[in-house]
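> I have a structure I would like to understand better, so I am pasting it below and will then ask my questions one at a time.
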């Protein structure tokens, strides 16, 4: 059902984009808008992962410096039937994580130092499994495309506002001035709503598949509870500077709230935990992943 809903929302996003393009230049405007979107998506397809990792100051983890963490991620990737992603560390005390990359063969998982300090090895495994689920589902690519579409819609709407929309042969706007202005203001708003709805839908799906990958839904449920509580108290300075990337994290890094809202980047954490607990009660426990040895610190 999640995939059907995502497909419908993507169709709405595309229709909004073409509609704004048509408003600016009629049929030709819609075609030009489509070409612009293709160009923007092609650029982000190849560059978005490097850009977002740089925004958050992430640096690649040396397997020799963190063998336990590296082996855990590799074991989970093997269980998921996917290549081992690159592993990155973000120097912030807020516990959090995200995945990025255009496909499973070119993907990365970034975890914060705060995550490694605050969570147990089992909880870290649950978080990593969630991020691997995003990669396997190609959510990382999907969210890049939706973010690009939303940004392009806002750009086109601003262009239409300053330069005017298309007119008919008599020089009149078919929708009328009020209708044209309404579309220019409402289209970016609607695009943002659709983008966030897709993001929330994919989080639930990644929770479910991530729990299957690690074999213990309660590991992820426990991790979400801890991250939610700490994210409200600990700042993530780089995330605050780059709020457009908030939807990528496992929990909203911008002092996440506990309510489902139209513009919420994530579902209500309590609802996610409840779904995972229900999953744990109804499913047999899978075999354990390779055990992470007890650590004296985040890298030992």
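Keep in mind that glycine also has a Cβ here, set from the backbone N, Cα and C atoms.
Remember, predicted model here, so these are calculated numbers, not experimental data.
So Swiss-Prot lists these for the protein:
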ACT_SITE  131  active site
BINDING   130, 134, 203  Zn(2+) binding site
TRANSMEM  7-24  transmembrane segment
TRANSMEM  29-46  transmembrane segment
TRANSMEM  145-165  transmembrane segment
TRANSMEM  174-194  transmembrane segment
> Can you check which residue among the recorded positions 131, 203 has the largest number of Cβ atoms within 10 Å of its own?
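Buried the deepest by this measure is 131.
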> Centre the Cβ atoms of 130, 134, 203, go out 8 Å, and tell me which other residues of that chain have a Cβ in range of the Zn(2+) site.
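Output for this site, in sequence order: 99, 131, 133, 139, 202, 205, 206, 207, 210, 250.
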> Whole-number Å only: compute the distance from the Cα of residue 203 (Zn(2+) binding site) to the Cα of the residue listed as 'active site'.
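For residue 203 (Zn(2+) binding site) versus the residue listed as 'active site', the Cα atoms are 10 Å apart.
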> Sequence gap of 6 or more, C-beta under 8 Å: which same-chain residues meet both conditions with respect to residue 130 (Zn(2+) binding site)?
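Counting only residues 6 or more apart in sequence, the Cβ neighbours of residue 130 (Zn(2+) binding site) under 8 Å are 97, 206, 207, 210, 220, 250.
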> Tally every other Cβ atom lying within 10 Å of the Cβ atom of residue 134 (Zn(2+) binding site).
27
